[in-house]
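Peer 1: Pasting the relevant annotations from TrEMBL:
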- 21-42: transmembrane segment (TRANSMEM)
- 62-81: transmembrane segment (TRANSMEM)
- 150-169: transmembrane segment (TRANSMEM)
- 181-198: transmembrane segment (TRANSMEM)
- 218-236: transmembrane segment (TRANSMEM)
- 256-278: transmembrane segment (TRANSMEM)
- 290-310: transmembrane segment (TRANSMEM)
């Protein structure tokens, strides 16, 4: 009889632990949504809005990747040094390079796609990232997903497809006057989805396989990204022209500076989420932020939406409660 009080004590501890986990999940959601919201608006401004009296466009997407990664690597290095944690690589360097290279391809596809499709189209298309993550999770992590999970993922993707295939405006970009469903634009978005799904899943595998700290993975992957992106800039002869553009347009420099800052913050939130809750939870969180980004872009950049796009958006919203429920369940388990 003396052991009976242990049950309510254990239940209380379990409840406290669940509450703490839910708090961490809420922090991850707010952090990812707020930083990527600012990131998305600045990203579109840099790639689609002209600068100066001569209406010049910034065309050096790989330079943005380099700026983002070098800022993140410096911050992660400072955190490692200030916390006096080991700066030695936990995993083989080539595995960091795999994440790095895949991440660069992801970001480059994302920036380049903005030359052919508007940000609302790109943003809602990202709702389809759950399917690549589930596929890569099955291949890399040997995970198994139920039919219900695939059903909801397909419904969300169908809503995205309606949004992409039925644009309201033919004037989609100052750099390209074709339809938003242009073959090259769609190909870039498919590349983005595939590489992004691989990146987050492989990060998840590294976290689980090597028990590495967040800052350790961020530092080595972003350092690899710096080397790769800088090499690409030099080979393409884009480094000096990009710097010259920012010297001539100081407002572009400030946009790049803010973009790199929020990109760094988002990277820490993303890595924390993947390490704590897994790649699929991260993909689910990402779908919940899409509508806010779309509406903000539509208001800010005056993007019209066709009635079929509204049908696609409503289809997504109709099943978004399932995504939210998944987050809560995954975080409380």
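Cβ atoms are placed via backbone N, Cα and C, with glycine included.
Those TrEMBL annotations? Automatic predictions, nothing curated.
Please situate the listed features within the shown structure.
Peer 2: Proximity of distant same-chain residues to the transmembrane segment (62-81), defined by a Cβ-Cβ separation under 8 Å and at least 6 residues beyond the stretch ends, is recorded for 43, 46, 87, 104, 107-108, 111, 215-216, 218-219, 222-223, 225-226, 229-230, 232-233, 236, 238-239, 242, 256, 259-261, 263-264, 267.
Within its own chain, the transmembrane segment (181-198) has Cβ neighbours under 8 Å at 102-103, 105-106, 109-110, 112-113, 115-117, 122, 125-126, 128-129, 131-133, 135-136, 140, 164-165, 167, 172, 279, 283, counting only residues six or more beyond its boundaries.
Counting only same-chain residues 6+ beyond the ends of the transmembrane segment (218-236), those with a CB under 8 A from a CB of the stretch are 60, 62-63, 65-66, 69-70, 72-73, 76-77, 80, 87, 89, 93, 96-97, 99-101, 103-104, 242, 267-268, 271.
Distant neighbours of the transmembrane segment (256-278): 24-25, 28, 31-32, 35-36, 38-39, 42-43, 46, 64, 67-68, 70-72, 75, 200, 203-204, 207, 214, 217-218, 222, 246, 285, 330-331; these residues of the same chain sit at least 6 beyond its ends, with a Cβ under 8 Å from one of its Cβ atoms.
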